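Features as listed in Swiss-Prot:
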BINDING   575, 584  [4Fe-4S] cluster binding site
BINDING   676  chlorophyll a' binding site
BINDING   684, 692  chlorophyll a binding site
BINDING   693  phylloquinone binding site
TRANSMEM  73-96  transmembrane segment
TRANSMEM  159-182  transmembrane segment
TRANSMEM  198-222  transmembrane segment
TRANSMEM  294-312  transmembrane segment
TRANSMEM  349-372  transmembrane segment
TRANSMEM  388-414  transmembrane segment
TRANSMEM  436-458  transmembrane segment
TRANSMEM  533-551  transmembrane segment
TRANSMEM  591-612  transmembrane segment
TRANSMEM  665-687  transmembrane segment
TRANSMEM  725-745  transmembrane segment
């Protein structure tokens, strides 16, 4: 018999809470800055309001006790979920109360989605455009209509019911947030029981969550969509509970339902192949993924995660221990490997958050790319405005999450990292050879920058000199993306070779036939050429520069040759004195600030590339003569010069937003103008010196004193860090809103 050493013993799952730890009281709400001794005294200068905003959610600065911080974060998560559910409920309510959903459902190829009707105040009703079916409203591009159809919603009453359900759930979340902070707050020990947490999140959240969704897809979505696709009037379609209770009704659509669970228990699972399919490709009626494929996918995911939910060792002595896994993770060149990482991840929520943000951001970017190649919902692919919006939205979300990951990794380094617990493990080894990492990364950025832009500059020069035969293009000197083309080809051939059971490849974008719905292209093979090769190297360049800035911020967060005691100065500090050749803009916070601008560069190039490529090579109308694309295939011809991007993309496609005045799209014209102003306003904060403003303020205060109208709260210029924060916020807001107006006015007008 083997006796386990004590550290191998299972961590018993115990519910450990503090009863009534914090009194429920509104007193604190009446005292702004109650969390800080200095702020609670009230304002003496205008800096107070900025510090209040900067520190209100920085729980680390309120108390250093993790036992106190953890339930605060936990409780805040419930509040966050409550806010999300109220927002979601609002979306469903708009669908029920102000939308043309039922009309759209009856004719999704000709009627456009709208869920907002503007009141006739000072002529604003001009925004209510004709979206078809006799409905006037603002065309929406959020994809909710397509999502609702995919989930089997056939009436506005169902949307009302779901909206009310969302509000009830929100109330439950707000109650839980209050209860788990004021009545029964979990102890730190509970948050640190990672094996139990992994089992519950993997098995419960992802496993049972996917299983529940698969059940809904099979019992509600599939029958409803099958009837809708066959042209049955939504009002004639049975209600969801009828499909659930009446097996004969289901068996008419899916014969295997008549056999019940017999095939499941006799392991004759192929019987269920009529509703759990493995077709691949898109449904030619709707232009979306086969819903029977996505139901199959969710069943498979559920099985996978239900197994994963039993993987970690808790009350029974079987399964993995997270600490053991991490400490076993070492190779011949990695020193102590991941020893010490378990302690980091159970005591630093910043480290935990950094990893989650990095993964979540990457996932969002993966989602952006799947949404157009494999549109998951019916009639999504032919709604070009929604396709462009969803791609752009998921790219921005991904970019912000990745920068947030670097921010919290740097906060971890400054506030939570303990060098004594991390001797010669992988983290320590990375930090010790950070100079080699950063200098190599810097070299890569310089190489990529000069070479990728160099190719464009060469083309612009040759074009200006009238020497098209000397340009890099598909018709002159070719730089074909051979690896990408090979990947396309491999995936296009997969159904016959590597995926023998699939009837079609995962996406028509790899190759094959055009999928058209109602005469519009849903998806078709996307050919790659020299122009794509060029812009992909710009992507490589901008992404590497973003990583350089963010990684340098993390690796040099605690110390550098310039400022060895950086850790003592904190996460954000403006400068460290005038000596040493300049010590400003070196804090970890400043690296996040600078990284945001390069993240913005990266994402802008990606969404511009996507928008133009799709309009040029994919989106358009199918006629007897073939496919007529929106911009007629000009991407390959024009996008290989910088001048082409400026003239044939930005300028040519801005005509719709610039000329939108007096039409239903005029709001986009105003947003385009206003957002440019917000962007320009940011430059006032970014290109200015604090001393200039302080001097100006003091002369204005002098004038007020002369007139005896001086305020009791002394005005002060923004600190350097505050100015930069205001600057970057307006820069990003202005830039994103400008892009939004430009994209939507264009695609709604021509798409």
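Glycine residues also receive a Cβ, built from the backbone N, Cα and C atoms like all the rest.
Positions of Swiss-Prot features highlighted on the structure.
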residue	record	Cβ neighbours (10 Å)
575	[4Fe-4S] cluster binding site	15
584	[4Fe-4S] cluster binding site	13
676	chlorophyll a' binding site	15
684	chlorophyll a binding site	13
692	chlorophyll a binding site	10
693	phylloquinone binding site	17
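Sequence-remote contacts of a segment are chain residues at least 6 beyond its ends whose Cβ falls under 8 Å from one of its Cβ atoms, and for the transmembrane segment (349-372) they are 69-70, 73, 380-381, 387, 390-391, 393-395, 397-402, 404-409, 411-412, 415-416, 523, 610, 614.
Separation of the C-alpha atoms of residue 692 (chlorophyll a binding site) and residue 584 ([4Fe-4S] cluster binding site): 17 Å, rounded to the nearest whole number. Within the chain, the transmembrane segment (159-182) has long-range Cβ neighbours (under 8 A, six or more residues past its boundaries) at 20-24, 71-72, 74-79, 81-83, 85-86, 88-90, 92-93, 95-97, 101, 148, 153.
A Cβ distance under 8 Å defines the sequence-distant neighbours of the transmembrane segment (533-551), meaning residues of its chain 6+ beyond its ends; these are 402-403, 406, 437-438, 441-442, 444-445, 448-449, 451-453, 455-456, 472, 479-481, 484, 591-592, 594-595, 598-599, 601-602, 605-606, 609, 639-640. DSSP classifies residue 693 (phylloquinone binding site) as helix under the three-state reduction. Residue pair residue 575 ([4Fe-4S] cluster binding site) / residue 684 (chlorophyll a binding site) shows a Cα separation of 21 Å. Considering only the binding-site residues 584, 676, 693, the residue whose Cα is spatially closest to the Cα of residue 684 (chlorophyll a binding site) is 693. Taking pairs at least six residues apart, the transmembrane segment (665-687) and the transmembrane segment (591-612) share fewer than three Cβ pairs below 8 Å and do not count as touching. Secondary structure at residue 575 ([4Fe-4S] cluster binding site), as computed by DSSP, is coil. Sequence-distant contacts of the transmembrane segment (725-745), counting only residues of its own chain at least 6 positions beyond either end whose CB sits under 8 Å from a CB of the stretch, comprise 54, 141, 385, 388-389, 392, 396, 593, 596-597, 600, 604, 607, 611, 653-654, 656-657, 660, 665, 668-669, 671-672, 674-686, 718.
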